[in-house]
């Protein structure tokens with residue numbers, strides 16, 4: 001218990017779940033700089049094959065996201081986290097033992113599918129074991145696992161390759177994924193500290209007809225979302241999911257076109273003050289802001305926090321669109337990172353606040369699918385706009401998407417921009 005009387009979220013169970021997520025994200029990012037080289041040097045492929053094989057994991061992730069939550073609600077978070085982590089490890093094994101296009105393709109599908117399922121299950125697990133008044137802060141810290149993966153994974157992969165070759169990279173990646181499984185396996189959350197419906201889905205007791213049964217009175221099997229249950233989950237997360245899709249489309253634009261945009265303005269791509277370094281500024285801003293104001297959604301409410309965050313995102317993107325120097329682009333990245341920091345926990349809280357616990361992971365699966373579609377759509381639409389008017393136009397359009405997200409929040413019945421804390 002904290003001095004202010006609020007329950008703590010920092011428990012051994014939470015940190016083990018965090019470690020599981022971080023290791024899984026590091027494993028995923030470890031292959032990023034190495035796989036394209038592997039396709040060219042070992043498989044003899046060209047750019048088209050590189051793009052196809054690299055893209056299989058996010059495609060598989062998008063396809064299984066809605067089902068990931070259903071599995072977690074049905075079988076329990078621990079069981080699904082461990083099983084999906086093992087599935088991802090098998091995917092890495094395919095890369096190790098099969099130097100063929102079909103083998104690599106199968107490995108990428110298994111790796112992407114397993115990784116997306118474990119991400120959804122772990123996120124739902126965090127929401128289940130953390131008190132509602134601390135969920136914003138907990139989600140903010142939990143989400144740092146993604147940034148740890150982005151920061152460490154490529155470095156681990158590239159250095160391992162130069163030291164020992166492709167096989168060593170796949171072994172390290174598999175070991176990291178198995179480490180994620182081990183962390184999830186040893187979580188020991190006391191079910192007697194949770195409401196009965198939470199305890200059932202965390203421990204997997206719903207397998208035996210525990211408390212996490214149907215919430216709509218339908219005769220489906222215990223813990224299995226019926227057709228009405230699916231509709232409840234989709235309806236509950238749609239508004240927050242649309243906002244998330246719009247915002248993560250802006251991240252797709254940023255990741256794909258930032259360096260090209262700055263290069264067109266005379267900023268060199270490499271070096272300490274090069275365009276690529278703006279990504280470092282952005283990531284550091286997200287991490288520092290999340291550590292500093294991670295509890296903002298808990299203090300002022302998820303909707304107000306999301307409104308402030310979306311405003312910062314729009315402002316940061318406009319600054320980057322106008323940037324003609326590293327300093328100006330870095331300033332925009334700081335504002336943008338400050339906006340992204342509370343956005344994920346805020347939108348996740350909005351998405352899940354009306355979900356019964358037996359449908360929480362199901363809803364999160366659909367919510368994450370919106371994010372995946374948004375990132376892919378942002379990269380594609382940004383390319384079209386860049387071809388017509390230049391990269392700056394993609395960033396202006398991205399800022400407009402953030403403003404559109406404000407409009408979506410404002411039209412929510414019973415809430416709007418002046419909504420009280422949920």
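Numbers here mean position along the shown chain, with the first residue as 1.
Each Cβ is built from the backbone N, Cα and C atoms, and glycine gets one as well.
The annotation domain 'Major facilitator superfamily (MFS) profile' is assigned in TrEMBL to 13-417. Sequence annotations record features per position, and here TrEMBL assigns transmembrane segment to 45-64, 76-97, 109-131, 138-157, 163-187, 240-260, 272-293, 305-323, 329-352, 364-386, 392-411.
Between the transmembrane segment (163-187) and the transmembrane segment (240-260), fewer than three CB pairs separated by 6 or more residues in sequence fall under 8 Å, so the two stretches do not touch.
Segment contact is absent for the transmembrane segment (138-157) and the transmembrane segment (364-386), given fewer than three CB pairs below 8 angstroms at sequence separation of 6 or more. With Cβ pairs under 8 Å as the measure, the transmembrane segment (240-260) is packed most heavily against 364-386, out of 45-64, 76-97, 109-131, 364-386. In summary, the transmembrane segment (45-64) lies against the transmembrane segment (109-131): three or more C-beta pairs, each 6 or more positions apart in sequence, are under 8 Å. In terms of C-beta pairs under 8 Å, the stretch of 109-131, 329-352, 392-411 lying closest in packing to the transmembrane segment (76-97) is 109-131. Looking at the domain 'Major facilitator superfamily (MFS) profile' (13-417) alone, the prediction's average pLDDT is 82.
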